[in-house]
Amino acid sequence: MAAVGTAGPSEKPHLGRQPGTSRSQGHVTGQGLGLPPLPPVPSSSFKYKYASSLQEDHREPIFCVTFNNFDLAHRDVFATVGQHRATIYQLLPGGEFEVLQVYEDADRGRKNGGTTAAAVGSESEVGEKFYCCKWSRDEESGAALLLIGGQKALVRVLDVSRACLVHTFAGHGKCINDIAVHPSHPRLFLTASEDESIRLWNVRSRTCVAIFSGEGGHRNKVLSLDFHPWDGHRFLSSGMDNTVKIWSLEPIQKLIEESDRAVDGCVLSGEGGVGPRRAFPTRVVQQPLFSTSQIHNDYVDCVRWLGDLILSKSVHDFIMLWRPEGQSRHRKAPPGASAIASGDDDSDTDGDVGLSTTGRLGGESVASRGTRIVDFKLSDSLRTWFVRFSLDLHCSVLACGNARGKVFVFSPLTGTEGGPKAKLAAPQCKVVVRQTAVSWDGNTILAACEDGSVQRWDR
């Protein structure tokens, strides 16, 4: 890549066909973008049939796969990241795929004595390797955006409607493991880093708004993030310090509004904003609303909201559904949300996990107790970490892979017994499933695998 924040000739994504995966090339458009009301709840059937697979030619791990749920007009479009490449696909009838765009980062790593720098392990010479990607949209133009991050601690913002790189965000000291986009204000997004911090960014003003780190922050690499589905103030984080935390944007709301008026990370001082430019006053937030290390006793590599409840996963053979206690809700659940998703289930079979109702961090009271509801049972995880699950928009389908190429499918809203509704397998696939993606209606499940393949099942 060229200088941060610019788009040189070598940085522009190109359209093209990837061998073995597509019949033709195409493009992604940005029209019709928005967040219309969700369609009716889809089928409750869990009968999935293996449809097909694709093989990316780098044959290295695909660490992330995600559908474009910000634009229901293009809800059959998904993206993958593997090595220094991001690829955008479209689902076709009959189990086929079509490649729409391919973005290759120019920094593949320099060679040293005939050996790649990545193999040598010199941090200054290692090329880009993407670990995460998330869809967003430009709130003014409606363009579809894809955010990608990884080894180089940078976030690339791709405008897939125009097939170009529009900006590069820099700030983290180590690689980026996850990205979360605000559900109702997609100009805002979070990044989780190995530097033990979380950053909030504003795409519109190209500004780092806040850093979530310090006394109440993570004490090891941050691995996973998720915004609350209807309360945009709250978000989840988890990491290699075995903790799950809930943070709030409410204390920095005025700062977020100020970031909308910034330009390229700077604000104008003086009366009427006519004075000299100064750096945006990025805030450091040190205290979460909730923090616990008692839910899991190993790395927590994936967390997701299920209404006001939390789904979290470690390296063991289960995904836990639990309720965080002692932190208030900021908004009511939308009409139609189930009792379990809104956290109103008072089952007598719940079991407490956690040592105390509150802990004290920096003199502030922080909730730390959780109530276990159900464990969704996996198998053959083999203590493999950085394996992430996914849900559809209705949260009616939960899918997670394991270390032997299998995908387990659950009904998180009704499956109180914890057993899978389906176990999916693809021919000849015996490698780690790094992440799944469930389509908006739950009708298609994708599995991104260690060998550079993506497996597909249709309902």
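Cβ from N, Cα, C; glycine included.
Keep in mind that what you see is a predicted model, and the values were worked out from it rather than measured.
The feature region 'Disordered' is assigned by TrEMBL to 1-40, 328-359. Here TrEMBL flags 19-28 as compositional bias 'Polar residues'. Taken from TrEMBL, the feature repeat 'WD' covers 169-211, 215-257.
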Distant-in-sequence neighbours of the repeat 'WD' (169-211), which means Cβ under 8 A and at least six residues beyond its ends: 4-5, 35, 70, 131-140, 145, 147, 149-155, 157, 217-230, 232, 235, 237, 239, 247, 249, 252, 255-256, 259-265, 280, 282-285, 386
Residues of the repeat 'WD' (215-257) by DSSP state, where helix covers H, G and I: 8 helix, 17 strand, 18 coil
Segment confidence, the repeat 'WD' (169-211), expressed as mean pLDDT: 97
